[in-house]
Amino acid sequence: MSGAALGLEIVFVFFLALFLLHRYGDFKKQHRLVIIATLLAWYLCFLIVFILPLDVSTTIYNRCKVAVNSSPAESNGSYVTLAPSKQKCFKPWSYIPNGIMPIFWRVVYWTSQFLTWILLPFMQSYARSGGFSITGKIKTALIENAIYYGTYLLIFGAFLIYVAVNPNFNLQWNQLQTIGIAAANTWGLFLLVLLLGYGLVEIPRSHWNRAKRGYLLMKTYFKAAKLMTEKADAEENLEDIMEEVRKVSESIKYNHPLRKCVDTILKKCPTEYQERMGRNMDDYEDFDETQNSYPSEKSLVKLHKQVIYSVQRHRRTQVQWQILLEQAFYLEDVAKNETSATRQFIHTFQSQEQESKIIQYLYTPTVEWYWECLLRPWFYRVLAVVLATFSVIVVWSECTFFSTKPVLSLFAVFIQLAEKTYNYIYIEMACFLTIFFLSICVYSTVFRIRVFNYYYLASHHQTDAYSLLFSGMLFCRLTPPLCLNFLGLTHMDATISHKDNQPTAYTSIMGSMRVLSFIADGFYIYYPMLVVILCIATYFSLGTRCLNLLGFQQFMGDSEMTSDLIDEGKELIRREKRKRQRQEEGENRRREWKERYGNRDDSTRNRVVHTDQKESSFSETNTNRTLSKYTRSNGRTERDRIELLQDAEPLDFNAESISDDPLESDLGRYQPGGRYLSMSRSQMFDDV
């Protein structure tokens, strides 16, 4: 089994990263280099989290062998036996041979650092550039990253000067490497504690709130009001940008040198705008080089960048609006079905996705009712309690992991107890659950945060290339200090435990932090204690209250603005619900009409054609008169049927003019604003 566990986890983590990237990215529309770079960054970070428990168990076994070699012992197959006490050192099932892990960690770590500090920032600027050529995009990316790279060189130079001035150190390559690692880990640890303090409180609280249906429904109404504002703003912005594109397309003729740039911009526009702004090929007027009214290439680059951003934002808001509607309809259905006497879950609208027969057979309406209305809230409550317990253990361990006598960190206590009995499965499970929970708290915060429209991870393939690359940068910068913090919590790091034990392979590639004692003995130990303050601030929603005071509307139950947005969102959801109901009613009427009158019209049409053929032997005048009569009759019947079948949806929906109670309308036909014009009484029976 040597190396088999490592190989299985490498394959599993790859498909996990691929699945998550497919959920957020768009493989069809986004550039392949963006997808590959993001996938590699996510894959390496997830791989570190999953492989580190194997490194811990292998290190404990190696320590056991060192202890055995220092005392009389005898070897027996797959384990080593101490002669005096007859204690056994079993080889773990996931044991990785010596020499593999150091090389593995070195490749993974330095590849991730190359991605986060050099390649991904460059690709961000390249992907967001509006240039029309590869050379132009590279030039723009280099200019934008000049300040970025200069800042890091300045920080590294400060550390370098500190070590050079200190007479106790001799500058060597290993020490320079350690300085670079320390600088990167210090930046990552600073951000790690901020994200960890938020996630330790917000994740258990969010699962607890998911058990409260009323809270979720009110928050969904609040999101609907905010999203509608963003959606309207995105549509208005897109209209303005498309108007500028139209003017540019009309001013730059077919034989202008910049016409290729305009065609590139038009290809990025939505299809309906491309058809509306079709290239005028009839105008063969040559452009006048002396005129100054033509836009420059620099302005076209800027316009190209604006088009890419506005189209992506418009598409994202449209998709998010449909997803939010489905979520609101689902929560309203749950609220209605909770009081159902039949205990069968009834949906207001049928699912648009076809479910498999196995799911339909197992997940019956009765099973769905028990799960959605009875079991699911309790499941989230129990899960929230378990997660809250983990959060308390993490906070306690972060504040006490520097204490070695006595050992106060609970994670270190668990690992040391298992190390005495060499229960490797327990060691690996305890390590995996610990680092997995820490990763969930940090990574979920990365997926949740939104910096205006600058950085935003949107599911359902709506994340732009810039945000995907930025998330890869964050993961690569957060994962190494996260793993070092985990090793400190479990006292597997010699810097924390102050023991002369064999270090893990991951710690060995980091070098000795003693080169920078004020970081090793100060910042790395005492800065994580700030997680307590951040957890308290998150529990009392201090950040949310500050954003609300600054004018960024946040969901707060005691705010008047929140109540107004909830009412607005509720009205929006109600309008969309009535609109979808009318659409379904129109489709049902069209289907019934086709089933009831479709065959009759076909037989009537065939009879008319047969009569025309039979009377073809009459005179030309009578024939023409007869044909015109039947043609008018047949055309009139066909015209009436087409008029009745098409446009069953309201042609001009004005929800403000409709009463809130749908029963007030006549048989579901909304007369004032949402009226079915093709189904009105004055037109339906005119020709009967």
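Placement of Cβ uses the backbone N, Cα and C atoms for every residue, glycine included.
Predicted automatically and left uncurated, TrEMBL annotations should be read as such.
As annotated by TrEMBL, transmembrane segment applies to 6-21 (among others). Residues 35, 38-39, 42-43, 46-47, 50-51, 54, 94, 96, 100, 104, 468 of the same chain sit 6 or more residues outside the transmembrane segment (6-21) yet have a Cβ under 8 Å from a Cβ within it.
As annotated by TrEMBL, transmembrane segment applies to 33-52 (among others). Non-local neighbours of the transmembrane segment (33-52) in the same chain are 6, 9-10, 12-14, 16-18, 20-21, 25, 27, 104, 108-109, 111-112, 115-116, 119-120, 123, 127, 431-432, 435-436, 439, 465, 468-469, 471-473, 475-476, 478-480, 482-483, 486, 504, 506; each lies 6+ residues outside the stretch with a CB under 8 Å from one of its CB atoms.
According to TrEMBL, the feature transmembrane segment maps to 103-126 (among others).
Residues or ranges marked as transmembrane segment in TrEMBL: 146-165 (among others).
Away from its own ends, the transmembrane segment (177-201) comes close to residues 113, 117, 155-156, 159-160, 163, 391, 394-395, 438, 440-442, 444-446, 474, 477-482, 484-485, 510-513, 515-516, 519, 523-524, 527-528, 530-531, 533-535, 537-539, 543 of its chain (Cβ-Cβ under 8 Å, at least six residues beyond either end). Per TrEMBL, the feature transmembrane segment maps to 177-201 (among others).
The coiled coil annotation in TrEMBL covers 224-251. Residues of the same chain lying 6 or more positions beyond the ends of the coiled coil (224-251) and with a Cβ under 8 Å from any Cβ of it are 262, 265-266, 269-270, 273, 276-277, 279-280, 293-295, 300, 303, 306-307, 310-311, 313-314, 316-318, 320-321, 324-325, 328, 553, 565-566, 568-570, 572-573.
Away from its own ends, the transmembrane segment (378-396) comes close to residues 196, 200-201, 203-205, 207-208, 210-211, 408-411, 437-438, 441, 489, 531-532, 535 of its chain (Cβ-Cβ under 8 Å, at least six residues beyond either end). The annotation transmembrane segment is assigned in TrEMBL to 378-396 (among others).
What TrEMBL lists as transmembrane segment is 425-446 (among others). Packing against the transmembrane segment (425-446) from elsewhere in the chain are residues 49-50, 52-54, 56-57, 60, 92-94, 192, 195-196, 198-200, 202-203, 387, 390-391, 394, 411, 414-415, 418-419, 457, 471, 474-475, 478, 482-483, 485-486, 489-490: each is 6 or more residues past its ends and has a CB under 8 Å from a CB in it.
The annotation transmembrane segment is assigned in TrEMBL to 523-542 (among others).
Annotated region 'Disordered' per TrEMBL: 598-639 (among others), in sequence order.
The compositional bias 'Basic and acidic residues' annotation in TrEMBL covers 598-617.
If you look up TrEMBL, you'll see 618-634 (among others) marked as compositional bias 'Polar residues'.
The region 'Disordered' annotation in TrEMBL covers 654-688 (among others).
Positions annotated as compositional bias 'Polar residues' by TrEMBL: 679-688 (among others).
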